[in-house]
Amino acid sequence: LAFCRGRIVRVPKGPLIRVVGTEVAIPCSVSDYDGPSEQNFDWEFSRETDYVRIVSTWDSTFTSEEYQKRVGRGDIKLRRSSNDAVELVIRNIQPADQGRYKCSTPSTDATVQGNYDAEVQVKVISDGLSVSGSKARSSTSLRLSEGDSFKLRCSAITTSPEHTHLHVTWQIKSGSSWQDILSLTHEGKFQPGPGYEEHYRSGDVRLDTGANDTYRLSVSQASSADGGAYRCLVSEWVRGADGSWQKIQEKSVEIATVSIQRTDVVISTSNVSVTERDSLDLTCNITTDRSGIFQAEVMWYFSASPDDALSDAQLLLSMDHDSVVSDSTLISLSHVDRNSYRLLVRDVDVEDSGYYFCEAAIWVPLHNGSWHKVVERTSAPVSVVVTALEPDYDVFLNASKTPKFSDDPTELNCRITNVQDTEANIRFTVSWYYRQHLPGDDVVTEELLASMDADWTLLLGDRGRERIQNGEIIFSKKSADTFSLRIQWTSESDRGDYFCVISAWSRHRNNSWVKSRDVTSAPVYIFWATQDYTLTVEAVKLKPFFVAGHTFEMTCKVSSKNIKTPRYSVLITAEKPFTDQSNPNGTTRIISLNQDSVVRLEDWTDQTRVDGVVLEKVQENEFRYRMYQTQISDAGLYRCVVTAWSPGGGGMWREAVNGLSNPIQIDFQTSGPVFNVSVHSDSPTIYQGEVADLLCIITTEGMPLEPDDMSFDVSWFAVRSFALDREPVLLASLDRRGIVTQSRRNGSSDLSLERISPLEFRLRVHGCEDHDFGNHYCVVTPWVRSATGVWQREPDIKAKPIFLSVKMDVLNAFKYPLLIGIGLATVIGLLSCLIGYCSSRWCCKKEVQETRRERRRLMSMEMD
């Protein structure tokens, strides 16, 4: 392929047939060349043998003398279409221009390969095409009515010596340009122009051929768009040597100018305003210059919007072309004159407001007696406004009940007064609104509480919806002219302006209700003066001196102001010293009594003294607290926390204010012993599986006691971390009665807790595991028997923790796996040896017979 590649110069395949006097363009192109992209071309002409130079793209002196004038006038020129293609253009070609035309390209290739020129034969024939209009029509102007039909004729003939075909196109002038209507192509096919496809398929536009080479355009159902100048455009085509069709000339002639008179439909009046119960009178006028026999079909439509399509509008009444009117009770349609039709709507209503328009169609008779619709038009919509007959009345709002305290009821009455000009088909409903009352000119948007629709159905607003559903806000109709709003329990958030809106509804012909008027009342301000709640609590200790084991007793007296019928709830709290391990925060909630006099133990955890604390109501504002058999651990500051409650909505109680009493101190003066606790272990580091011994040792200082006069509750805790940054875990406990309690454990290790001496307690961890490590400590609660024989509980004492480390015994961990591995390896080795011996002895034994060797002397190579 590389060796065969070379320059190729191409011209059309001849002969090229052209008509004298027309413009000829002969293309020439080059491909597969080397050198610059833009190539030069030379054109030459020959009638017989010698070539005459015509024109060149690169040499202005190339043109021969006989062609210099035509080239100078521009009758012959070169038109470049691309870098590698040009066209030789000859204007007004003559028979003398018939001959061979050669296109050549100067070489820009490194080697000479391919062809550098090409020839084409041009044949010039005489002009035999003639185009003319219809001779039978004397006038070239047609005046028609919309919907009429018309026909135009054109004659076209050719006497060309070659076998040519004609292409006939009918055109209409649209503005300054011509638009194709319908064509009969040179291949004998009908081709509608843009926008005329549907007219051609429906048969409204046709092209027929007749005698004497005539071509007739028929247009049916003419519209205003069909008006304009019409011409007949005829082109002559010939088939070239390559089989393609080529247009050799084109002629046209204007046939006629057609004007179409438009048919308009207009409603005589513009925007109309009528009063309710009056009559609406509209007239539809049809404007047409049609003088023959015709009938009109009229239809009246109603629409709520002027932009609605005809299919979405409501058909009111219609009259066909036989003057048959559709039936209607309140609407009538009459024929006023030849082109006017009147619509009368009696007893109009507000719902009749909207847009009215009429649609008219013109029907003409045919030869067979039937009627044919030629045009259809729709008028512009006319706006009709029906003014409602509004009733006249006033609205008065007053408060029959106003609150003086919070949670008091509020009742508002909305009354209709001075009712005038109302009919029996008028109905009143109410809407209630709330607006926050602000001083000055601040604007606050009103909030809807509830409203009623035409059938008195209550519609709730967003404000107070839950309270309305719960029955706290009630809406009612006391009489025909009075509506009521009642708030059962008024709160501070209900203070503000209230007003009502009375709506009048009118009943229409279809028994539907339409709102005709709204009247708003003057606002009513709901407000009551409020003062801050005041609550005072005083605590008094009834017995100023007592010792441990006796009963502690104090009273709490309450006084309040500006609280309506208050009730009180009381809570007794104790502030213990920070050395109390049971409550590190310092405050303990002991017992409470609510506003309904129900007593409840709060954080009282001493199971031995469940009934040791009592809280009772002495009077309406006085409460008494007793604590029996007091212990030394009960020392601290005791207070009364009182909450005042006022009656709320729905029988509920609402918290008003809280109060705190002065503290009452319980302090025991004692010179008893002082206890100290420590934890000790002989081996804090152990291996897994061993037993860990932890001792909790108690020492006493000060006054010595007999062992029978003291007892201890001991609890062991562990923190599973190196630092004390986690919650302690209870391991086991031993109370003073000797009962041991263990917590649930997840591992396989076990615990034991025992008392080995009056002041020593031992915790043993059997079979220690790695998760038993951590900081371990004990908490001791001493109990001392007083001289009166009562056991007194001392504050809890916490020992300093000791860290227990659990290690793994590597030798013991790997001893049994190694012995088992060596034993298994020995057994498998012996078994392998046994299997090999047995296999070689019995299973794989083979008899081998030794071949007998003959003793012969060797022969020499020469003898062999």
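In case you wondered, yes, glycine gets a Cβ from its N, Cα and C as well.
Going by TrEMBL, these are the annotated features:
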type     : residues : note
DOMAIN   : 21-113   : domain 'Ig-like'
DOMAIN   : 146-254  : domain 'Ig-like'
DOMAIN   : 263-360  : domain 'Ig-like'
DOMAIN   : 391-520  : domain 'Ig-like'
DOMAIN   : 673-781  : domain 'Ig-like'
TRANSMEM : 816-837  : transmembrane segment
* Structure fact -> Residues in the domain 'Ig-like' (391-520) per DSSP class, helix first, strand next, coil last, are 8 helix, 73 strand, 49 coil
* To do: Give the one range among 146-254, 391-520, 673-781 whose Cβ atoms make the most pairs under 8 Å with those of the domain 'Ig-like' (263-360).
  => 391-520
* Structure fact -> What DSSP reports for the domain 'Ig-like' (146-254) is 9 helix, 65 strand, 35 coil
* Mind tallying the domain 'Ig-like' (263-360) by DSSP state, helix then strand then coil? => 6 helix, 52 strand, 40 coil
* Using DSSP, how many residues of the domain 'Ig-like' (673-781) fall into helix, strand and coil, respectively? -> 6 helix, 62 strand, 41 coil
* In the same chain, who gets a Cβ under 8 Å from the transmembrane segment (816-837) while lying at least 6 residues past its ends? -> none
* Helix, strand and coil totals (DSSP H, G, I; E, B; other) for the domain 'Ig-like' (21-113) -> 12 helix, 37 strand, 44 coil
* Model confidence over the domain 'Ig-like' (263-360) (mean pLDDT, whole number) -> 80
